[in-house]
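Notes to accompany the following structure.
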Amino acid sequence: MKFSTILAIPFAIAFANAAAAPAVTAAPAPAADNPYTIYPPVPKTASINGFADRIYDQIPKCAQECVKQSTSSTPCPYWDTGCLCVIPNFTGAVGNCVASKCRGADVTNFRKLAVGACAAAGVWDPYWIIPASVSSALDAAATATGN
């Protein structure tokens, strides 16, 4: 048997199997064991940014300016909540601002709202992804009193 014939046989088998496989023409069906087949709808508009719009009316006044951080240092579209929740350039700037301007329950309430907004956008646990140094600063601000 020729060497070229030996090489052609596996190729022919692989080609026949590929032809028999069903074509992929649609997104996979949702499955309980595959959370990546369903994402929440993302509105492509935002009055402030995708992160701030969801929580702005509920966040403490001391944090309202903080969520208006520019999204230009991120690869995210300004309206994409999920993306903004995981980019340290953005989350770190927001978190540091909140840590410097808010104290006590205001910090705790802000963190809960941020986590909730990010979870609703489909971000994985810990949802609002912030640098460790920012988390420490927020922890300190949450235990502090006064302004």
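Think of each number as a place in line: the chain as shown, counted from 1.
The backbone N, Cα and C atoms fix where each Cβ goes, and this holds for glycine too.
Per Swiss-Prot, signal peptide is recorded for 1-20, and the stated evidence type is sequence analysis.
Look at the domain 'CFEM' (34-145): DSSP puts its residues at 64 helix, 1 strand, 47 coil. The domain 'CFEM' annotation in Swiss-Prot covers 34-145 and rests on sequence analysis.
Here Swiss-Prot flags Cys62-Cys102 (among others) as disulfide bond.
Summarising the annotation, Swiss-Prot assigns disulfide bond to Cys66-Cys97 (among others). Counting every protein chain shown, the number of other Cβ atoms lying within 10 Å of the Cβ of Cys97 (disulfide bond) is 18.
Of all Cβ atoms in the protein chains displayed, 21 besides its own lie within 10 Å of the Cβ of Cys76 (disulfide bond). The disulfide bond annotation in Swiss-Prot covers Cys76-Cys83 (among others), and the record cites experimental evidence as its basis.
Taken from Swiss-Prot, the feature heme binding site applies to Asp80.
Proximity of Cys85 (disulfide bond) to non-local residues of its own chain (separation of 6 or more, Cβ distance below 8 Å) is seen for Phe51, Thr91, Ala114, Ala117, Cys118, Ala121, Val123, Tyr127, Trp128, Ile129, given in sequence order. Residues or ranges marked as disulfide bond by Swiss-Prot on the basis of experimental evidence: Cys85-Cys118 (among others).
Note on proximity: among Cys76, Asp80, Cys83, Cys102, the recorded positions of the record, the Cα nearest Cys66 (disulfide bond) is that of Cys102. If you compare Cα positions, Asp80 (heme binding site) sits closest to Cys97 out of the disulfide-bonded residues Cys62, Cys97, Cys102. Using a 10 Å Cβ-Cβ cutoff, Cys118 (disulfide bond) registers 25 neighbours.
In sequence order, Pro60, Cys62, Ala63, Phe110, Ala141 are the residues near Cys102 (disulfide bond), counting only same-chain partners six or more apart with C-beta under 8 A.
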